[in-house]
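Asks: Provided herewith is a single structure, encoded as structure tokens, for subsequent inquiry.
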């Protein structure tokens, strides 16, 4: 209606043609679906936000919506780990070499000065002080001067040895004093005069310095290793971050900000928007491509396409609300059941897959719910794929409940749930099965009325003999009722054989002749005496009465609110076929050749579906076979194939999608069933004579001759 209104408003304009085009309408549907699904997912996975600052009191327990890292606590552990890493030092061998060289240089200077004889002692000591870079005591300088070279050599060796040992052990800035103490202790064990030991200590202590250099790179590397070794402190999904009534700290605020739980300072999450958009587009493309490749008729049927998307959206909306109780209660199976009933099982399986994954996303990536949804939906699809009676829906609910419980039990075993948890979750799964079927049954009439589609449940209800219209047909036109039952059996078997809707074919056949209720005795199957009212009427009037049962049937169908597919069968089951008997009778009575063939044809339209075409053929062959003398299996099959051939030659099957192979299968099915019903029937010579006369005059066979001598 919306599209029609827009098209009408902009009619006769380029914009109007664009708005009214099929491609534009499909595009609008896809955009609306995208925006709807995106909104549902985005609002489902976005948690409640709080307007809080440091020092505020938590209004309620603030729960983590997902697993995350406790950054403040983790950072504190990392800082402690860094502090625990000792500084790294590298020994500088050059410093050791420099100290050794300086010691040797001092002694070498002394050796040189001591070789100079004849100079006053004071001059030598003064020059010695100038050449030695370190400061010694007066006693030390004098000891240098008065000690003989051999003792000095021993002192040099011991000084070098002790100093080198201390330096090789490594000297840090903060333990230089300790190194000097070790050096003094080293000289105590040397067998030299005390004054020489003191001189060696003075020289070594003056030159001793740290040779362990701080290694910043190695230290930082070890600190990073310590940081990386820290196991992050996790905040698990559903863990309480701040309890109700507690003050908000800096740490709390940082965690809330990281979880996007703060209302203030919120920024647009481009990554989340992009991710959700890609997911929705992917699933839409999956559905669109599947329908385009395998079910173009559904894709090009806006009503069915909108119905499919509405079922998806409804399931997602229900899931968003019911998830607050339990994700195991989400009735995905209800949507799958509805699509199975109104569309077909294969499309339902695809939608089940899409819904299952979307449910997992909506429930914040808890794919346990996805598993239950997929299994429950699949079981629901199998349970109603061949729906024949209303009790099948009850059975479907029971099977879904059992399947859900089994899956939840399996999940519980894998996840080590407690017995109480398994029982509680399993109970939700069982309720889910019942709820799904109740919801599907409740939506059936609404969908049928809103979208003009017919469910198998509705057809099953219509096939009940206690239906008021069928009761009227049985009482007011019993012969027609019996004829319709046989035609229904024929049509059901044939539709099953060629991949049609067997239930629709049977129900359509049951109601195809309801128009005969208005004038039942003008149809031979309802005449209780040998008197035929058509004998007193002109052929044209008889033709008008016979063909009017279509119009009368449509009026009754409207009054009793029969669904569209059944109405279509009532309207199309004669197509534009010719009333051969009355046409030739009129030509015999009027030799002026002014009889128009079109006046003796049904108004149509021709059958447009397999089911309508099958009902046409079943109606024709059943009426003809009842008038066949000595109906052997061979004669029955011959007549069946002849009637089907006549309908084909008369172009009555042009509008439906039955193939020649289908027609051959239909003929075989009809022949087998009719042979079982009519194998011992008595021949009615007058009926056969009239039938054969009509065939000769029209070049074929038509069951309309039996409007006078048989049933139609």
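Numbering starts at 1 and runs along the chain as displayed.
Yeah, the Cβs are placed from backbone N, Cα and C, and that goes for glycine too.
Keep in mind it's a predicted model, so treat the numbers as computed, not measured.
Sharing the feature lines straight out of TrEMBL:
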COMPBIAS  700-712  compositional bias 'Polar residues'
DOMAIN    476-633  domain 'HD/PDEase'
REGION    693-712  region 'Disordered'
TRANSMEM  21-41  transmembrane segment
TRANSMEM  276-295  transmembrane segment
TRANSMEM  307-330  transmembrane segment
TRANSMEM  336-360  transmembrane segment
TRANSMEM  367-384  transmembrane segment
TRANSMEM  396-414  transmembrane segment
TRANSMEM  426-447  transmembrane segment
Asks: Does the transmembrane segment (21-41) reach the transmembrane segment (307-330) with at least 3 CB pairs under 8 A, where each pair is 6 or more residues apart?
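Replies: They are in contact.
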Asks: Which listed stretch (307-330, 336-360, 367-384, 426-447) has the most C-beta pairs under 8 A with the transmembrane segment (396-414)?
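Replies: Answer, by Cβ pair count: 426-447.
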Asks: The transmembrane segment (336-360): which same-chain residues, six or more beyond its ends, come within Cβ distance under 8 Å?
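Replies: Long-range Cβ neighbours of the transmembrane segment (336-360): 37, 41, 283, 286-287, 290-291, 294-295, 298, 304, 307-308, 311-312, 315-316, 319, 327, 330, 366-367, 369-371, 373-374, 377-378, 380-385, 387, 393, 396, 436-437, 440, 443-444, 447, 451, 453, 455-457.
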Asks: Report, as numbers and ranges, every residue of the chain located at least six residues beyond the transmembrane segment (367-384) whose Cβ falls under 8 Å of a Cβ in that stretch; write 'none' if there are none.
Replies: 327-328, 330, 332-337, 340-341, 345, 348-349, 352-353, 355-357, 359-360, 392-393, 395-396, 399-400, 403-404, 407-408, 411, 415, 429, 432-433, 436-437, 456
